[in-house]
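Since the structure comes first, as structure tokens, the remarks are kept for the end.
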Amino acid sequence: MALQWLLLLSLICSTLLLVDVTHSAAQDARKAYIVYMGDKPKNEVPLSPLHLNMIQEVLDSSNIEDIEHEALLLHSYKRSFNGFAAMLTEQEAKKIAGMDGVVSVFPSQQSKIKTTKSWNFLGFPETVKRSKLERDIIIGVIDSGIWPESYSFTDAGFGPPPTKWKGKCQGNGNLTCNNKLIGARYYRASRSFENDVESPRDSNGHGTHTASTAAGNLVSKVSLYGLGSGTARGGVPSAHIAVYKACWGSDGGCDDVDNLAAFDDAIADGVDIISVSAGGSIPENYFQDGYAIGSFHAARKGILVSMAAGNEGPGPKTVSNHAPWQLSVAATTINRQFITKVQLGNGKIYEGLLPNIYDLKGKFYPLIYGGDAPNTTAGVDVSISRFCLQGSIDPNLIKGKIVLCDGPLDGAGNGAILGGAVGVVFTGKKLNDDVFGLLPVPASQIGLEENSNIYKYIKSTRNPTATIWKSEEINDVLAPYVPSYSSRGPNAAIPNILKPDLAAPGSYILAAYPPSDGGRLAGYNFDTGTSMACPHATAVAAYIKSFHPKWSPAAIQSALITTAKPMSAKQKIAAPLGLKISVIPSVLSFSSIGEKDHLPLIITGSMEKSSLASASLVWDDGAFQVRSPIIIYVVV
């Protein structure tokens, strides 16, 4: 049934409308909707007037001039597919959904944007063989924009853009493109530019980081105040970059209405690969998923779309970008870890995680437990203040001190940081909890056992003191492994289609960043997440395409999946304990290129309901091995 549905999808001609923008009191009932109408008509019919007429047909008022034009038609998608986004009431959206040619109508949703050493760790050194066609590859990045002045994007040695390029540089007066950064556009249907700038310039840092990871130049002697020293480079440094800013503000919110406009342009502009390090809710209907629609039309035009799998792990069915035509990328660690030591006044030292770029030079400061500094004027007691939540701590009690918090970095510590603490010691359930963040004060995250020991020390002396040392880089001998934050399968919409497709380095990735962000002047920064893994896969896909320019997105995706290295296997993978897997026949023979064959895969045995098991099928001709992953689960 699922495969029939996918075949049907490739034949449908449809339309799309999206709504999610606040408006005047007179239009409180209106919100952004996407109206999706499928492929562009083969005849060159102007689509914007058609979209406007469709809106006018469902308006209560017969005079469209009575309502501000921009409040209605937000975007016309007309370059690569057919659809529009508009401000509609629920009733108007239902009426449009019943019109001929409309595939789906759904509210616009907001999604979030989810180095030096990582490429070497992947076995992809600077000296790797490269195709001359790499210089003709264009990577499109849909993200929070770019910081064009970074050394990662200078165009020394680059020729003009390829002749296939049809894009533009929408600099808006404060951004200039070059022969490396050949295109830049921005999209903001809401017209809200709070905490951002109206141009493709990146004020968040996320887009600059991902773009340089995929295709940044080689930049030597890069570090973040001494951490991670090395040469920063992208996977395909000779490739061109085109950015499409659809994510805004410090939180990196990306509206469907803007994402689809970015896809519409990127496809028509002539990019070869699209990289999207963002994701929203877990979709169950691809006709109502902006990313699925945009990437579908990209695939139809021969463009592979690489997408972050999401940071909602480790639970099952948490992968957010799981359409069959998307390359869904999970995250792994690399063999780099940062240890930050907390030394107490009694001489004892406890190792924690969390990169710390600040050097207290061994100076000891008063140490206080967050539970001993409740903001009583706000009605807070120890049960809340011990987690150091914002507003829960009395700033007069912690100013100039190091604070021990019972909570992890995720969701804790704001109270201590905003209250003027010298440093913060966070607490996870265990020492190796996934943790990442660069804070404006010295910080470390310890485990529960270390927390208990430090708490006992605080209570055992009248004047407890501590210092936090600058981080030390160590080799993580367990790498690579999938960290807990990385979203897992199975696929919530079509369980028979395995997602994520593969995993790539996503932890402690050092890449380009706006130099003024958070007071950091280095111009390079660490970040962690599947957002960082995605551009690694993007670059490898671009590398393959440079050698095989006529390969389809499906062929590139298959090559990546079937040749990816199993992370936990030292031998050929067998069936899980209690299960038997057999293939008949065990030998396949082909007489010509492109010939197809099929085979039954038989799995016997028993397993508990709601459980999962993984295995692999490996074909070996003596010279090459092709691996197909197998996921086994019980349908309840």
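Using N, Cα and C of the backbone, Cβ positions are placed for all residues, glycine too.
Please treat TrEMBL annotations as automatic predictions, because they have not gone through curation.
What you are looking at is a predicted structure, and each value in this text was computed from that prediction instead of being measured.
Copied over from TrEMBL:
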- Asp143: active site, charge relay system (ACT_SITE)
- His206: active site, charge relay system (ACT_SITE)
- Ser531: active site, charge relay system (ACT_SITE)
- 33-112: domain 'Inhibitor I9' (DOMAIN)
- 135-565: domain 'Peptidase S8/S53' (DOMAIN)
- 570-632: domain 'Subtilisin-like protease fibronectin type-III' (DOMAIN)
- 1-17: signal peptide (SIGNAL)
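What TrEMBL annotates, mapped onto the structure for a quick look.
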| residue | record | Cβ within 10 Å |
| --- | --- | --- |
| Asp143 | active site, charge relay system | 31 |
| His206 | active site, charge relay system | 24 |
| Ser531 | active site, charge relay system | 32 |
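Computed over the domain 'Inhibitor I9' (33-112), the whole-number mean pLDDT of the model equals 88.
Taken through DSSP, the domain 'Subtilisin-like protease fibronectin type-III' (570-632) splits into 0 helix, 27 strand, 36 coil. Secondary structure from DSSP puts Asp143 (active site, charge relay system) in a beta strand.
Across the domain 'Inhibitor I9' (33-112), DSSP assigns 27 helix, 22 strand, 31 coil. Between the C-alpha atoms of His206 (active site, charge relay system) and Asp143 (active site, charge relay system), the distance comes to 7 Å. For the pair formed by Ser531 (active site, charge relay system) and Asp143 (active site, charge relay system), distance between Cα atoms is given as 10 Å, rounded to the nearest Å. His206 (active site, charge relay system) carries a helical DSSP state (H, G or I).
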